[in-house]
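**Student:** Below is one structure. I have some questions about it.
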């Protein structure tokens, strides 16, 4: 078959345009708004395109395997079966890789010029996931009649990529098996190796199932071996990712720290933040002093890493952002509770206290838009905030310390929301 | 080229009874017709001889190649041209492209296969249809495409499974004409369940029934089973066939 004919009769060629349009649209809508200046985020976000490239790869592989099966061509060929299938799959592979390349090229613009380079292990898992779903397509195409195989491929792949990630009946970790959702880590995080491993294990199972269908001459043996491989691999993948929640990101390690002698503060920055060091460090020191002056006990080491050095204050900061606003937002973020109850059935939630504390933190840190936020909270919260701001700095910190513990709980607003008991005249 | 089966055991599924239970058969090195009633296992035997289906036990020998040796599979398949009963067009290809693709599958280079496809089309009177979509042909034309793709790589052994099944009398006659003019294969095996297909074309006969060989020998020896002294080959063949099947234990 000529190369031109091979392309013209390939289903993938006709799916290529919608695939590229979808990848570009999703990246414009979502991907390009991710963290800038960090290769890991750019790589993991770009790898989400596998939900589209994978659909094309699976359908293309099913189509080609069906064509070979229908005319029983593998039964007569004197060439290696792998070679015949590779020749038939060439357009599908090229189209899927083209989609992958488009996604990586688009999102590379987020990180161009940043230290390091693309996360090759994430790209490796991405390509393995693509190979796996191609194997799944071959498995169906070789073992089922054409119409049935294409229908099952379309439905199965759609469920694999989209329904598992969107439907509440599937556990949150199920989406990681496809390799399409490896998180959107900030500069302080990296994809959880368990999510990567689970995607790799699942992909291997799907690929081996495809190879069974291709290489085993007995269709019954191929079916049983393939199904067992898929069950074994996806089952193992499930066991690996079961402990994870919806965000498969773990803390990044290996941060470098510098002590700022005159202020007795140690600041630890990632290489991605180094270009902004001159703006970030004075702002970190200023914010640190502002909060400690209000009596809030903060560690003397401020780190952009989540878990190191031990006992440090984690400050989430974004590269290529305005230093003043990212540092201010970082302080507000860490001084608020990190976990909130999902809901409080039959119980109260301390919403007024929550709003008042957050507004106070934002006002103190002078975050962008703190005045607008002040205008948006309830009258009770606003009254409390105004009263707090009239207190001396140390009393403000005391008010924060008293009210902070109730924020992550299901409980009514405490009486301590009203700061009058902390006013100097109250003491007298 | 020597073509034989040795102690072949084959069944369609794991739990179904075997179609062949130790079938050993030597196909004469000439033009042979494989006769047998429907369900005798002719098509299965053809696919086994072509190494398209693997036997559960036993082996096929084509020349010095054995189907149970992995390294022999490629040369064995190159040596054999198998035309199955159902010819399925490869979606999207023209007649010539389909024939050339089969040549490539049999190990020819693309250029060689493209060249050879023209000769195969010429031999099967398909040159005029070369650019027509292979999915838009009549039954007789599709059979001829099947034949062209079977002979494109000039096999030494030609296996034709019910090549005239489903054709009207005119098409059958035309197809037989094409067959007789072929100049490929030193061993030709044609399966049929119709004794009317037996003609001067064939030198020897194999009769298969219920998965067993009931007769293997020359066409004369086969016709000698006929009690009918008619001069018509067709009627004598019919009588001989009935007699052979009756003699079967």
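In case you wondered, yes, glycine gets a Cβ from its N, Cα and C as well.
Pulled these from TrEMBL:
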type	residues	note
TRANSMEM	A:7-26	transmembrane segment
TRANSMEM	A:38-61	transmembrane segment
TRANSMEM	A:82-107	transmembrane segment
TRANSMEM	A:119-140	transmembrane segment
TRANSMEM	A:147-168	transmembrane segment
TRANSMEM	A:195-216	transmembrane segment
TRANSMEM	A:223-244	transmembrane segment
DOMAIN	A:267-410	domain 'DUF7224'
**Student:** Would you kindly list the residues that approach the transmembrane segment (A:119-140) from elsewhere in its chain, counting only those six or more residues past its ends and only Cβ-Cβ distances under 8 Å?
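**Tutor:** Beyond its ends, the transmembrane segment (A:119-140) has Cβ neighbours at 39-40, 43-44, 47, 50, 53-54, 57-62, 64-65, 85, 89, 92-93, 96-97, 100, 104, 149, 152-153, 156-157, 160, 178-180, 182, 191, 196, 199-200, 202-214, 226, 230.
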**Student:** So which of A:7-26, A:38-61, A:82-107, A:195-216 is most in touch with the transmembrane segment (A:147-168), counting Cβ pairs under 8 Å?
**Tutor:** A:38-61
**Student:** Assess whether the transmembrane segment (A:7-26) lies in contact with the transmembrane segment (A:82-107), where contact requires at least three Cβ pairs under 8 Å among residues 6 or more apart in sequence.
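**Tutor:** Stretch pair touches.
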**Student:** Looking at the stretches A:82-107, A:195-216, A:223-244, which one shares the most CB pairs under 8 Å with the transmembrane segment (A:38-61)?
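**Tutor:** Between the candidates A:82-107, A:195-216, A:223-244, the best contact partner of the transmembrane segment (A:38-61) is A:82-107.
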**Student:** As a test of reading the model: what is the averaged pLDDT for the domain 'DUF7224' (A:267-410)?
**Tutor:** 89
**Student:** Could you tell me how many residues in the domain 'DUF7224' (A:267-410) are helical, how many are strand and how many are coil under DSSP?
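**Tutor:** Secondary-structure breakdown of the domain 'DUF7224' (A:267-410): 83 helix, 8 strand, 53 coil.
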